[in-house]
Amino acid sequence: MNFTVIIIATVVLALIGLIIGLLLGLAGKVFAVESDETIEKVRECLPGNNCGGCGYAGCDALAEAIAKGEAKPSACPVGGAAVAQKISEVMGLPADTFVRKVAFVKCSGSCDKTRFDYNYQGAESCYQVSLAPGRGPKSCAYGCLGLGSCAKACPFDAIHVVNGRAVVSREDCKACGKCVETCPHNLIELIPYDAPYMVRCFSQEKGRKVREMCDAGCIGCGICQKNCPTGAITLKNNIAHIDQSLCTGCGRCAEKCPAHVIIRQAGEADAS
């Protein structure tokens with residue numbers, strides 16, 4: 001065996017490896033992307049759920065946007081006030097006000113309050129069912145389909161279908177908005193956590209038609225509007241809307257509502 005050839009080959013390979021290593025090191029310095037310390041510090045404050053509830057692709061994208069001043073320190077709905085405070089300190093800004101939000105399902109049509117026009121058999125997807133005749137088998141074409149696509153989309157297990165209607169656990173909800181995007185009937189809305197009263201219906205039909213479809217739908221009678229002392233309630237498309245900036249939480253609307261669809265937010269998670 002010629003050991004000289006082996007030694008020469010080994011030396012050549014070692015030299016090639018050394019040269020490649022030097023070239024890679026040089027390339028790393030030439031093409032290196034400078035790390036922004038502010039972005040890194042902001043990123044460390046974020047929870048890392050990458051849910052997209054902030055409107056950005058993930059926590060990395062949000063951290064960059066905050067560092068550049070394109071997003072507020074309170075932009076993360078999951079982190080809440082504590083994260084907003086930490087990020088404000090990192091950015092050297094005054095404490096940013098964080099408004100906690102929660103998902104709200106604008107439907108009272110549980111199985112014992114609404115009716116079914118036909119027996120649906122098909123894909124267990126709210127979107128697919130919404131394409132069926134009448135926008136689904138339930139008599140109300142605007143109501144919750146009850147198949148739980150929103151519950152499946154929720155990364156925090158904050159939504160469950162109870163008696164044919166999606167119900168949100170207020171304490172578990174992080175307002176990421178995944179459920180809002182998923183609902184084909186646009187029934188889910190992100191509202192202030194401390195909003196005192198909400199209208200739990202989204203039907204656009206007139207009163208008589210609503211009564212035929214559901215025992216718990218807004219009939220657009222306007223009694224709530226007439227009894228609101230602050231003018232916080234208006235009627236649009238046959239349904240009452242509450243302006244939370246004007247609502248004082250007096251509760252007169254809920255007391256007077258003949259359909260009982262104006263509900264107090266406390267205890268919503270246990271409603272059925």
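All residue numbers here begin at 1 and follow the chain in the order shown.
Just so it is clear, glycine is given a Cβ too, placed from its N, Cα and C backbone atoms.
Where the annotation comes from TrEMBL, it is an automatic prediction and has not been curated.
Since this is a predicted model, take the numbers as computed values, not measurements.
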Quiz item: For the [4Fe-4S] cluster 2 site that TrEMBL assigns to Cys140, Cys144, Cys150, which of Cys111, Cys173, Cys176, Cys183 is also named?
Solution: Cys183
Quiz item: Pick from Cys76, Cys107: which one does TrEMBL list with Cys51, Cys54, Cys59 for the same [4Fe-4S] cluster 1 site?
Solution: Cys76
Quiz item: Is the domain '4Fe-4S ferredoxin-type' (131-163) close to the domain '4Fe-4S ferredoxin-type' (207-238), in the sense of at least 3 CB pairs under 8 angstroms with a sequence gap of 6 or more?
Solution: yes
Quiz item: Using a Cβ-Cβ cut-off under 8 angstroms and a sequence gap of six or more, which residues of the chain neighbour Cys150 ([4Fe-4S] cluster 2 binding site)?
Solution: Cys126, Ile159, Ala166, Lys178, Cys179, Thr182, Cys183, Ile188
Quiz item: On a count of neighbouring CB atoms within 10 A, which of the binding-site residues Cys59, Cys144, Cys154, Cys173 is highest?
Solution: Cys144
Quiz item: Which whole-number value in Å describes the distance between the Cα atoms of Cys59 ([4Fe-4S] cluster 1 binding site) and Cys140 ([4Fe-4S] cluster 2 binding site)?
Solution: 39
Exercise. Round to the nearest Å and give the CA-to-CA distance linking Cys144 ([4Fe-4S] cluster 2 binding site) with Cys76 ([4Fe-4S] cluster 1 binding site).
Key: 28
